[in-house]
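Okay, structure first, notes after.
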Amino acid sequence: MKILGIESSCDETAAAVVADGVNILSNRVSSQIDIHSRYGGVVPEVASRQHLLSILPVISDALKEARTGFDEISAIAVTNGPGLAGSLIVGVNAAKAIAAARGIPLVAVNHLHGHIYANWLSGRIPEFPCLCLTVSGGHTDLVLMKGHGQYQLLGRTRDDAAGEAFDKAARILGLSYPGGPAIDRASQDGEAVLDLPRSWIPGSHDFSFSGLKTALLRLVENGEVCSVNDAAASFQKAVVDVLVTKTLNCAHEYNVKQILLAGGVAANNLLRKQLSEQSPLPVSIPPIGLCTDNAAVIASCGYFRFISGGQDRLDMDVLPALSVVS
């Protein structure tokens, strides 16, 4: 069964064809990073206009790469939230138009669930129950999965998401956008020598990174940062220490079989290394190309929802504020 996935929640226009939820036949992404980097962040209006220009060519390219026509597509899976409203609308309207014109079933996919399903495209099928650490620019969640479509939120950020914290730290240190990769690169040439705080929030699986960001800002303002690379390494280590420690504690408490890593921040080298080395449980870590926004993960998630009877009407709407558990 072939699923066409469409993703346009932020600043990537993406389309993919995935067979049976696990085999990627194509995965095309048109990135807007170069456009938004001059502004130091994503400009919603600019993102929407670029999606309009890119969406149909990207879908066409995905079908060509997969050597597939619409007559072989069993369903169209499209991200309907969370994300930027104007960006989401472009992908959803394209999916609706194709579904209506071709008589193909439509499946709405939660972008956060899509990130998790990168682990079904990584060569080994995860075991339930599993704990997923989803870390991105807008979300930092610990989610228990007992089966397909079964999500229980165990922990979340109370302020800044991990990816947002990296972006802000990069701006404080004068590094480039996007901040996560910039911090990661700078850290390769630095040492984690700065004493930065870690917010543990005893008795909770929640996260908090705003205090860490403020502490870094104060050090910079007071002239106590001599090396940008050391500061980046210190900030990254503080974030990763909290992410890994709280994930392992949560996994032990809920007696899961496996830990899954997902989201854009899952591309961080230290996080991937530290979680793998410190976990007593098997850890599934997707290839870096599947951590950032793409449509293959949307198609995979959509497949499992579709075979379980999930299908949406053509009046389905975008949900910009959708959470991992709705």
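Glycine is treated like the rest: Cβ placed from N, Cα and C.
Note that the structure is predicted; figures quoted are calculated from it, not measured.
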Residue from ASP230, ASP241, ASP293, ASP312 that Swiss-Prot also lists as binding Fe cation with HIS111, HIS115: ASP293
Residue in ASN27, ASN268, ASN294 which Swiss-Prot records at the substrate site where THR134, VAL135, SER136, GLY137, GLY138, ASP167, GLY180, ASP184 also bind: ASN268
Integer Cα-Cα distance in angstrom, ASN268 (substrate binding site) to HIS111 (Fe cation binding site): 20
Position of peak Cβ density within 10 Å, selected from the binding-site residues THR134, SER136, ASN268: ASN268
Neighbour-count leader, CB within 10 A, binding-site residues: GLY138, GLY180: GLY180
